[in-house]
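K.L.:
Quick paste of what TrEMBL says about this protein:
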TRANSMEM  47-73  transmembrane segment
DOMAIN    106-319  domain 'ABC transmembrane type-1'
TRANSMEM  110-131  transmembrane segment
TRANSMEM  143-163  transmembrane segment
TRANSMEM  193-215  transmembrane segment
TRANSMEM  298-320  transmembrane segment
Amino acid sequence: MVAPARSRAIDVAVVLPQRFLQPIAPPPPKESCTLAQPRRAGPWTPYVLIAPSLIAMLGFLVYPMGSVIYYSLQHYNVAKPWDNGFAGLENFRTLLFEDPLFWQSLGFSVRWVVVEVVLQLLLGLALALIVNESFVGRALSRALVFSPWAVSGVLTTAIWVLLYNPFTGMSRYLADMGLMEYGAAPLANPDTVFWAAVLAELWRGVPFFAILLLADLQSVSKDLYEAAAVDGASRMRRFLHITLPHLRDAIILSTLLRSVWEFNNVDLLYTLTGGGPAHQTTTLPLYVAQQAAQSHNFGYATALTTVAFLILTFFSIVYLRLSKFGAKS
């Protein structure tokens, strides 16, 4: 009886190790945690993405420009519909060789832009340097300096018409000091109307340069000025070698924008002088407006517009290339 029991114990002892020594099955493979690969864009995907912008550009830029070019080649006068028809290049021949007012208005526009932009830049830079300093009442000074920029051209005209009033305005006080004759109207005198209009536009345009240049001035590190002062650099040398190079791009951009805006100046000159006396303050865009609104000669007006557009485009390209806008100084 003992032998069978011992035999079973031996069998169990032999069997159990064999079961425990069986190789363990490998664990199931883990699921991949990688993100799904994006689908490759088709050849038309870029065009689909830019289609809304292209449609908007066609609607707001290409179509109006195309319409201007089309009507510039037409005789289109609302007051004389029987003369309407294809004109070819006749409108351009007329304005280039037979219209002295075109050359007069273009010459005044160039003179107006040069004088206004140069004076606005110099005065705006001076104001920006002043209000960038720390002094009591700086916040109030900035608000007073920038406030004229928020005034429209028509309101600016109303202010300066009152100032130029020969009986109650600034002209009266200048006459009391012996600088003008009593009853003299600066806006009606051919010798003074240009500078009277320039002064009114300066009041409105100088804050534009002051705002942009002040914003750029505040980004200049004071460590540069302190290091230059330690090296013995004067205030003028610090201005020429630190401030001006830092303001280079801001000056180039603001000058270009202001030149285009002053070339297209219509609201202030129209309401202040009406382009007179004797068309002496008529800019080219104001002459375009007079041809369209007063003479109803839309074909000729669009030809003038085309020439003005070409002039501004040429000036902008040449100016940016000569100034090397965006290049590292």
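Glycine is no exception: its Cβ is also placed from the backbone N, Cα and C atoms.
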K.L.:
In terms of Cβ proximity under 8 Å, which residues at least six beyond the ends of the transmembrane segment (193-215) contact it?
P.N.:
112, 115-116, 119-121, 123-125, 127-128, 131-132, 142, 145-149, 151, 153, 156-157, 160, 164, 186-187, 247, 250-251, 253-254, 258, 262, 265, 268-269, 272-273, 276-277, 280-281
K.L.:
At a C-beta cut-off of under 8 Å, are there same-chain residues at least 6 beyond the transmembrane segment (298-320) that contact it? List them, or none.
P.N.:
65, 68-69, 71-78, 84, 87, 91-92, 94-95, 102, 106, 252, 256, 259-260, 263, 284-285, 287-289, 291-292
